[in-house]
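Colleague: Okay, handing you the structure first.
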Amino acid sequence: MYALTNCKIYTGNDVLVKHAVIINGDKIEAVCPIESLPSEMNVVDLNGANLSPGFIDLQLNGCGGVMFNDEITAETIDTMHKANLKSGCTSFLPTLITSSDENMRQAIAAAREYQAKYPNQSLGLHLEGPYLNVMKKGIHSVDFIRPSDDTMIDTICANSDVIAKVTLAPENNKPEHIEKLVKAGIVVSIGHTNATYSEARKSFESGITFATHLFNAMTPMVGREPGVVGAIYDTPEVYAGIIADGFHVDYANIRIAHKIKGEKLVLVTDATAPAGAEMDYFIFVGKKVYYRDGKCVDENGTLGGSALTMIEAVQNTVEHVGIALDEALRMATLYPAKAIGVDEKLGRIKKGMIANLTVFDRDFNVKATVVNGQYEQN
């Protein structure tokens, strides 16, 4: 048992000073005033840094020089996790983009192997595709985009303990498939979609509760057709992920989206291999993607994921969007936890929660993380 002291604590509800967080095993034992700490308690002095719940990234294709699609193994997930810790992300959804059924099965096996060893780190796969709309494919390979079929939907449902989320284009897939996934406990997200406003609204009735990278690879909101963006704005209960790197979405649009969506707006990175690594290019599902000036683009200039980290997403949200730090932190912790239904154990600093925490200074440098109660200095 030990206590984290001399820090500003962002609990998810309050901002506390002159308090300590006591950690026992893998859980938070208590949050208490500093004067009530037992004198014999082991103490870690955080030198006035900020302490928040560990960041939760619901869309991570790769980082630290590796891509999940490129090498679909538990080792790749582990490399991603270790790279994440440098930027304060303690839990994430390894994201497999559009690929073959065989690769999807491989990803399920890799996720199962990793999650059996390491709880509360990978929270389940995010299958981004292949059930998308070719019109909004982005970097996804047209060779593998296809409608959902009964066999694979059954396979996905049978492995719902290691699959957290599926992104699909509802206009190209059966509502029964969406309903089946939802019934199995999987979050279904609208994305890479050319749906109209009314098609999107219908899909929310089928059980879709999330939207993948708001504004990107979806029909925009225009005067006579509100599109998918309008449908998301018009449906308060639907969550939306947003990429706050300054390239995918204008910061003013993030500010407007936050005014409308509030606690349903979630920071995601959609990161690729260059996040937390030094590299000029990488291969993304057989395509060469170049990393230049913070941007990841293919030879046609199509964005191929980001090089964003979660701490940078929080910093950009505070400094460029103008959202207060405590709310920006909730967008990276509590709201994603709620979106995938893990907020009973992650996303807040309070008694009984899993001790996944992030320590960062006023300049947004991550100083340390706590994962399952284990304190690790950066």
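Positions of Cβ are set from backbone N, Cα and C atoms, glycine also.
Here Swiss-Prot flags Asp270 as active site, proton donor/acceptor, drawing on similarity to another entry. According to Swiss-Prot, the feature divalent metal cation binding site maps to Glu128, His192, His213, an assignment based on experimental evidence. What Swiss-Prot lists as substrate binding site is Ile139, His140, Asn216, Ala217, Arg224, Asp245, Gly246, Phe247, His248, Leu303, Gly304, Gly305.
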Colleague: For the recorded divalent metal cation site, whose residues are Glu128, His192, His213, find every other residue on that chain with a C-beta no more than 8 angstroms from the centre of their C-beta atoms, and list them by sequence position.
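Modeller: For the divalent metal cation site, the extra neighbours are Gln59, Ile97, Gly129, Leu132, Gly138, His140, Thr167, Ser189, Gly191, Thr212, Asn216, Ala217, Asp270.
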Colleague: Across the record's substrate-binding residues Ile139, His140, Asn216, Ala217, Arg224, Asp245, Gly246, Phe247, His248, Leu303, Gly304, Gly305, the largest CA-CA distance in angstrom?
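Modeller: About 30 Å separates the two most distant Cα atoms.
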Colleague: Just name the most isolated of the binding-site residues His192, Arg224, His248, going by other Cβ atoms within 10 Å of its Cβ.
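Modeller: Lowest Cβ count within 10 Å among the binding-site residues (His192, Arg224, His248) is Arg224.
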Colleague: For Gly246 (substrate binding site), which of the recorded positions Glu128, His192, Asp270 has the nearest Cα in space?
Modeller: Asp270
Colleague: Applying a 10 Å Cβ distance cut-off over all chains shown, what neighbour count does His213 (divalent metal cation binding site) have?
Modeller: 25
Colleague: Through the lens of DSSP with three states only, how would you label Ile139 (substrate binding site)?
Modeller: coil
Colleague: When the Cα of Gly304 (substrate binding site) is compared with the Cα of each of the recorded positions Glu128, His192, Asp270, which one is closest?
Modeller: Asp270
Colleague: Could you check which of these binding-site residues, Glu128, His192, His213, sit within 10 Å of His248 (substrate binding site), going Cα to Cα?
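Modeller: Matched binding-site residues: His213, sequence order.
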Colleague: Ten-angstrom check, please: count other Cβ atoms within 10 Å of the Cβ of Asn216 (substrate binding site), all chains counted.
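Modeller: There are 17 of them.
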Colleague: Could you measure between Glu128 (divalent metal cation binding site) and Asp270 (active site, proton donor/acceptor) for me? Cα positions, answer in whole angstrom.
Modeller: 11
